[in-house]
């Protein structure tokens, strides 16, 4: 009996050992299977934390929705003509995103990562050069940006922060999430709303001579509405008195100092970078160097990425590897401006001068518009 008990204990111990080894092998196999399929890379790294957000960056909803792998889709408009949520990405959008990923050194097969709130936002201004800046930044391998203008903090705030976060592209550790919506700068509620999301957000404002900017703004609207009244009739309250009509948005946007006062109630000046729209054209590499420094990025975007397009009158991106042609901004950029009477332009310059000087003092930069 004693020997039988010994044999039973020995056999039981061997069986238990085999079971332990079996379950260990199953766990190891399961771990390697998920890693090989990419799931391990999709989990958020514990080292990264959003400082001011209470939301968890759970990407399970992204994994359930393969159509959202490339969210840089244009906005669609509903039947009433108002802006709606971003449309589902088309095949052209998917191909464009894949090409951008290739040029940024990101494997196309890597569709994992974490959707984060933007750490930096281009908040203005309209017709200042925001689209050019965003496209130049997207060359950088450590920048991932939503391609369309989400208008979350001025039009779609009621949809909630989670809706906004889900619009953003996935990023890996060390990459910056960005978006641009130029109307934020002139929206009264935008500063407090962005601060609610994250008061540490870096803010980029692309500014341009307000007179030239107003004419460019008018030119864009005129292209969509050929029956628009003349520039001077919109800019002046009364042609005889020469008073400027600040209720016209094309004029009001150029009051940079007044808009900045609103933002400085929520963000310190150190959180802003003011980019010259003029220098973005004349010296894109130099201005991009300032932007990369501000964002804490290595200076990757440089002279070698640009050439000047004489026809359009502004710089374009040289042909990236794997692409068949250089990348220039769309046909809507570089439109010829209509002829505006010189006395009207001079009245506008006189009107803007004190606001410009105040803006120079507030920003610490003289943009030389006078």
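Each residue's number is its place along the chain shown, starting with 1.
Quick reminder: no glycine exception, Cβ is built from N, Cα and C everywhere.
Over in TrEMBL, the protein carries these features:
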{"type": "TRANSMEM", "residues": "15-34", "note": "transmembrane segment"}
{"type": "REGION", "residues": "71-110", "note": "region 'Disordered'"}
{"type": "DOMAIN", "residues": "118-353", "note": "domain 'Sulfotransferase'"}
{"type": "ACT_SITE", "residues": "127", "note": "active site, for sulfotransferase activity"}
{"type": "BINDING", "residues": "127, 128, 129, 130, 131, 208, 216, 333, 334, 335, 336, 337", "note": "3'-phosphoadenylyl sulfate binding site"}
{"type": "DISULFID", "residues": "316-328", "note": "disulfide bond"}
{"type": "REGION", "residues": "320-339", "note": "region 'Disordered'"}
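Rounded to a whole value, the Cα-Cα separation of residue 129 (3'-phosphoadenylyl sulfate binding site) and residue 316 (disulfide bond) is 13 Å. Ranking the recorded positions 127, 316, 328 by the distance of their Cα atoms from the Cα of residue 216 (3'-phosphoadenylyl sulfate binding site) places 127 first. Closest to residue 316 (disulfide bond) in space, going by CA atoms and restricting to the recorded positions 127, 131, 336, is 131. Taking CA atoms as the reference points, residue 131 (3'-phosphoadenylyl sulfate binding site) and residue 328 (disulfide bond) are 11 Å apart.
Distance between Cα atoms for residue 127 (active site, for sulfotransferase activity) and residue 328 (disulfide bond): 16 Å, as a whole number. Rounded to a whole value, the Cα-Cα separation of residue 336 (3'-phosphoadenylyl sulfate binding site) and residue 328 (disulfide bond) is 17 Å.
Most Cβ neighbours within 10 Å, among the recorded positions 127, 129, 216, 328, 336: 129 holds that distinction in the structure as shown. Taking the Cβ of residue 316 (disulfide bond) as centre and 10 Å as the limit, one finds 20 other Cβ atoms among all the protein chains shown.
Looking only at the domain 'Sulfotransferase' (118-353), the predicted model's pLDDT averages out at 93.
The 10 Å shell around the Cβ of residue 131 (3'-phosphoadenylyl sulfate binding site) contains 18 further Cβ atoms across the protein chains shown.
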